[in-house]
């Protein structure tokens, strides 16, 4: 009877030893499962640092590293695609990376967390790809910083997609893809409308009157679609910029030939204002243009 009692006492101890043996294996599995999360968090931090730097440069009207004047990077960052709703596009990128970082670090049910990360990274990838293509096609230029952001966002999207839970996406894939595809398309349409000036505030009456006055006075404004300073010059006039006496000198893109009208006028830099037969190769404030052309700025109807 004593032996039987000892055997019974050993059974709980033996079971305890088995549980202890399983704990290290569970710990290893948990550590392995956390590696994708660590990589994802690091990538969001890289994206935050990258876009924070570019936002700081844009708000201080500076030039990013490796962006010499006239380079592809300079052209892209000064283009009409560089801002959206009045803010640098890099600032919007920072907000997107911040949302990704918040979602990646914040505990939540796995499927819910995955859906949020997938949607955010998908939208970010679509926007980054669109901006890169716009630069290559319309400006014939590429920006190393934009390509870096595209690479980071691509890595985030691929990592999130590769680590999807078994229940993902929580519904039918066609429905999930269609819904997010339409959302991305809506954002891209808004970006393109902004680049075309269709989301500008209504014309300032004074700037509109000045633009009409410049046209009637025989003033000419020569520029190029890829010229960052030309974009800045137009931005000073807002929605009234479409009324400026503008002449496009590079109708076939950055690497295309110069327009005949610009060749005959001897245009050598952008933007060039021809006022009273004299060239002025610089960005000019509306107030200065008013003084030089005899426009009564103070008396203009608001």
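The count begins at 1 with the first shown residue.
Here the Cβ of each residue, glycine as well, is placed from N, Cα and C on the backbone.
A quick note: this is a predicted structure, and the numbers were derived from the prediction, not measured.
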Transmembrane segment range according to TrEMBL, out of 178-199, 200-221: 178-199
Of the residue ranges 38-59, 60-81, the one that TrEMBL records as transmembrane segment: 38-59
DSSP residue counts for the domain 'Vitamin K epoxide reductase' (33-164), split into helix, strand and coil: 99 helix, 4 strand, 29 coil
